[in-house]
Amino acid sequence: MLQILRAKLHGIHVTGCVLDYHGSITLDPEQCALAGIYPLEFVNIWNKNSGQRISTYVIYGEAGSRCCILNGAAARTCQPDDELIITAVEYVNGPRELYSRKPVVLTFDAGNAVRERLRYVVGGEERGEFNFSVAEEPL
């Protein structure tokens, strides 16, 4: 089994930290739907400001809120306005399956509006090679 990227929120900013909560990260469900991230799904969170790396599960907040709130113990790893990379992964049986996967990547501005929607593409199957490109998609 090979663990690969399935979805990525790149450069989303922390809007809040709630220590006295059960845990998790609260995200805008509209943005999650655009990326393909599901409620209760475990995600990796990488803080670009501190270098801290954690994993926790997603809960949906208010639609259209652009929220990114770290809850419970995760709240100790971030400060409001920290810039994060959030990834969801999947497992595939081997590298040949990379050709059929096209992970969604959303990038964000300082106000957490989606700036662009990208897809990572692995090509070269017809030659037995692996190459990488980034394709931009309309929002």
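Keep in mind that glycine also has a Cβ here, set from the backbone N, Cα and C atoms.
Record features (TrEMBL):
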type	residues	note
ACT_SITE	Ser24	active site, schiff-base intermediate with substrate
ACT_SITE	Tyr57	active site, proton donor
BINDING	Thr56, Gly72, Ala73, Ala74	substrate binding site
MOD_RES	Ser24	pyruvic acid (Ser)
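On the structure: features taken from TrEMBL.
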{"residue": "Ser24", "record": "active site, schiff-base intermediate with substrate", "CB count, 10 Å": "21"}
{"residue": "Thr56", "record": "substrate binding site", "CB count, 10 Å": "19"}
{"residue": "Tyr57", "record": "active site, proton donor", "CB count, 10 Å": "15"}
{"residue": "Gly72", "record": "substrate binding site", "CB count, 10 Å": "16"}
{"residue": "Ala73", "record": "substrate binding site", "CB count, 10 Å": "14"}
{"residue": "Ala74", "record": "substrate binding site", "CB count, 10 Å": "22"}
Recorded substrate binding residues, Thr56, Gly72, Ala73, Ala74 - maximal Cα separation rounded to whole Å: 10
Residue pair the residue listed as 'active site, schiff-base intermediate with substrate', the residue listed as 'active site, proton donor' - Cα distance, angstrom, rounded: 5
Coarse DSSP state, helix versus strand versus coil, of Ala74 (substrate binding site): helix
Ala73 (substrate binding site) and the residue listed as 'active site, proton donor', Cα-Cα, nearest whole angstrom: 12
